[in-house]
């Protein structure tokens, strides 16, 4: 049951992050309705799972397990509040909440999630602590992306079709990595893929630890976790490159790259408009030649002589 819960939560986060990344080229930086509905549904599932874990910890007389699940319940409630307020803004026409306020609630939820995994050290010698430390990386990406989007208040006014909201894209990629790591933790904790000479010790549904036989096995389990996380990063980079190669041409075609002008284009136009030359040869009697070329035509004034007569005498 725990494996199914973590695998389902991870798959839902991967789908949510994929949609968030694909919609990062929209004109507005507001959250889409599909994102808000999906986040609300996923938050309700986390709340339901936390309540089940709390009841199980009460029956198992595990006070620490109920305390941990209360933290998960608070974080899920923040994400649910964010989704409900976002949907209220989408469908309400009378009272519209400011978008920075909704984004601030989302930021608080990510910060609470970061603190949960950062401070969750039930057992110092547990291998799961290394998995929790690595989970901080995608959560930190989501936190930074949300802060950037919160400070960026000019994107909606300056956004064009084809422009990319990099804060939204970064949050989507962080959600994808977070979901894939949830799936990995489910298989590494609750299946036969657990590290050798390590076993799962479960006190209640929400309070468990993975202990190894000796110190060497503990270090090997942590090294395996780091190696798996690097594989997830490499897989994410490969998927990003593949998707970008497919949709990048369409995004660029909708963008403003057609307004690009090659360097030196103005100089070419100026060079074809006209040329003015003044040739002077004072040794041949002050003959001046003025020629002007415009395009392929040429106009010239040949030699001209002016004879001045003063008092009956001509001057040459």
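The backbone N, Cα and C atoms fix where each Cβ goes, and this holds for glycine too.
The annotation transmembrane segment is assigned in TrEMBL to 33-55 (among others).
Per TrEMBL, the feature transmembrane segment maps to 67-88 (among others). For the transmembrane segment (67-88), the residues of the chain that approach it from at least six positions outside its boundaries are 31, 33, 36-37, 39-40, 42-44, 46-47, 50-51, 53-54, 57, 97, 101-102, 105-106, 108-109, 112-113, 116, 120, 122, 206-207, judged by C-beta separation under 8 angstroms.
If you look at the transmembrane segment (100-119), the same-chain residues 6 or more away from its ends with a CB under 8 A from one of its CBs are 31, 71-72, 74-75, 78-79, 81-82, 85-86, 89, 132-133, 135-136, 139-140, 142-143, 146-147, 149-150, 153. Per TrEMBL, the feature transmembrane segment maps to 100-119 (among others).
If you look up TrEMBL, you'll see 131-148 (among others) marked as transmembrane segment. Listed by sequence, the residues of this chain that lie at least six past the ends of the transmembrane segment (131-148) yet keep a Cβ under 8 A from its Cβ atoms are 103, 106-107, 110-111, 113-114, 117-118, 120, 166-171, 173-175, 177-178, 181, 184-185, 188-189, 225-226, 229.
The list of residues near the transmembrane segment (223-245) in space but at least 6 beyond its ends in sequence, with Cβ under 8 angstroms from a Cβ of it, reads 127, 130-131, 134, 137, 173, 176-177, 180-181, 184, 188, 195. The transmembrane segment annotation in TrEMBL covers 223-245 (among others).
The region 'Disordered' annotation in TrEMBL covers 274-316.
Taken from TrEMBL, the feature compositional bias 'Polar residues' applies to 289-303.
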